[in-house]
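*Asks:* Would you mind keeping the following structure in view while I ask a few things?
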Amino acid sequence: MSTNWRELFPTKLTFVIFLLYMSLFIGQGIFVTASQESNNSYGYNTVTVVLLTEVFKLIVSTCLYCRDNNLRSLVRDVQKDRNVLGLYMVPAFLYCLYNNLAFVNLATFDPTTYYLLLQLRVVVTGILFQIIFKKYLSQRQWISLILLTLGCMMKQVDFGSFYSDANDDSESAAIQQQLQSHNKTTSAETHAHGKNMSGFDFSLSAVFILAQTICSCLAGVYNEYLLKDKGADVNIFVQNVFMYLDSIVCNAVILLLRGELLDAFSPQNLGSIMRFSVLIIIVNNAAIGIVTSFFLKYMNSILKTFASALELLFTAVLCYFLFSIPIYMNTALAIAVVSYAIYLYTQSPVVNLGKVRPLSNLSDATTKSTDKRKLIDEEAAESDLDMV
């Protein structure tokens, strides 16, 4: 099916939203990496940063709600739907783990490898939908998921090793000598600045990236399975308030368990956060949640697919110029295969509509601000956020 660009970008505003959506997600990995010390550690408390991000988003959501209502009305809505507030604790906890693991994994992997490996969430989500919702995958869907997995695995392939069986003549000997020199350089650059740039290496870092992926998928599926009907009639900004309140509690509990709850807000620790390189992370991650809601309101899933593919490409290019992270053949091929797999998957994505009428076209998303489908899409999109 051909793509009508006028239909994808009906106004200049939609194109601006698309650029913002893509730029914010690219900036997420770039800003976190740029805020690291020379040994890839953080000179600030990352859990506190995640907590302050949730506080900032709570303030923004409250202000957006109060444009047409007042604080008293918000309190009434929270009391009326307090059972939904309790239900949000599960996805809030999962996203809390996801957001904190993002800092851990970006200290281990370079941003390009990190985003490539996170695409495995499409595979996990597809399998979970088949198990929980009995939404059996078609042949095309299975092919796309297999391609996506192979694309992520391709990041670890050393194409220089394919020349190891060459004949031992003068020409091949020269090639082997060059390859040995190249492999030494590659080995050093693969862990440049202490970063893992080869993908999975069957270590604790692989467990952490898998845990982050699974947390994202489980949180998204939980929202579909439990909150689709019970939360569909709740104002979207009230739903955001529920999520951010529960997220603040979860992050506070993590600080408490680590014995850092009081010390995290000491003048010294807050001073380490009140730097441009850290504050921009908080603002960027808060903006992601806001722009995503506009993205889903004015655009469709095809653009979301294009955005995911372009994020991988531009992240690799920016990391090359900003952090001198090389782009090898395996990285380029992995990005190409994963991007195509995502595109193929979205031609017939696995969805669970429940009791909600699906949108027939793009204009339906903007006709009614209370359209239930929009609420559900915004809720499900939380699983695609890198640090929400």
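Every residue gets a Cβ built from N, Cα and C, even glycine.
These figures come from a predicted structure and were not determined experimentally.
Look at Swiss-Prot and you will find 13-33, 46-66, 84-104, 113-133, 142-162, 202-222, 236-256, 276-296, 309-329, 331-351 tagged as transmembrane segment.
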*Asks:* For the transmembrane segment (13-33), I need the partner stretch with the highest count of C-beta pairs below 8 angstroms, choosing only from 46-66, 84-104, 202-222, 276-296, 309-329.
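*Replies:* It is 276-296 that shares the most Cβ pairs under 8 Å with the transmembrane segment (13-33).
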*Asks:* Among the recorded stretches 46-66, 84-104, 236-256, 276-296, 309-329, which has the greatest number of Cβ pairs closer than 8 Å to the transmembrane segment (202-222)?
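*Replies:* Most Cβ pairs under 8 Å with the transmembrane segment (202-222) come from 84-104.
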*Asks:* Against which stretches of its own chain does the transmembrane segment (236-256) lie, if we need a Cβ under 8 Å and a gap of at least six residues from its ends?
*Replies:* 45, 47-48, 50-51, 54-55, 57-58, 61-62, 64-65, 74, 77-78, 81, 84-85, 88-89, 91-93, 95-96, 100, 264, 289, 293, 374-375, 378-379, 382
